[in-house]
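Pulled from TrEMBL:
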COMPBIAS  9-20  compositional bias 'Basic and acidic residues'
DOMAIN    43-124  domain 'RNA polymerase Rpb5 N-terminal'
DOMAIN    169-241  domain 'RNA polymerase subunit H/Rpb5 C-terminal'
REGION    1-25  region 'Disordered'
Amino acid sequence: MEQNLLMERPNEGGRGHQENENGNFGMESLGRCLSSFVDEGSTESHRFYLSRRTVLEMLKDRGYSVPSSEIDISLQDFRGVYGQNPDIELLKFSATHISDPSKRMLVIFCGSGVVKVGMIRLITFQITDRDSLTGLILVLQNNITSQAMKALDLFKFKIEIFQITDLLVNITKHILKPKHQVLSEQAKQRLLKKYSIEEKQLPRILKKDAISRYYGLERGQVVKVTYDGDITGSHVTYRCVW
């Protein structure tokens, strides 16, 4: 392109005409390039796509059987299946634990309104096989009332609540986040025996911490935290959920 510009300079008028043409061409090319990065779909479908993918990754990291095809689906294909305004009923799914098939988790996406007692009752009626469930994850788009929270106590299995905005990004994939590995009860006991300590002597991580919630940790569980960075250096520590 530069060689052609140098060759076509018969006069000032010609030069101006040529530069104008190439300038317009350059702007058009830039416009087409930028438009390729613009998401022309709905914001709602994008939010559901990101949050559902994070939940799938979360369950897989907890040891549940999750098809890679579900996690790796593209935004375009997701919209092809669920549309620009996904029906939350179609987003619902369940997963079974790999090492313990008796553990089954159900994931339900709630509507855009405030979650009240009536919504919890509706969810109760929708769960036809509740006896086989060991856990339920509710993904909210709005607040939940205190009465609705109390109604959740009627369920016989563990209920976990996440705001959809907290699931748009998988926090464990952040470049600055150290690697977390949940220890089994046997591994925990070996650790305590090795260092002749009690679990209360370990550094703590709160149950409401984002990492604890991601892995669904309960009080008393221990996680191995591996740091590997220029600032922190490479080292390992253990934290007990409190």
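Here the Cβ of each residue, glycine as well, is placed from N, Cα and C on the backbone.
Here the domain 'RNA polymerase Rpb5 N-terminal' (43-124) returns a mean pLDDT of 96 for the predicted model.
Using DSSP to sort the residues of the domain 'RNA polymerase Rpb5 N-terminal' (43-124) gives these counts of helix, strand and coil: 43 helix, 13 strand, 26 coil.
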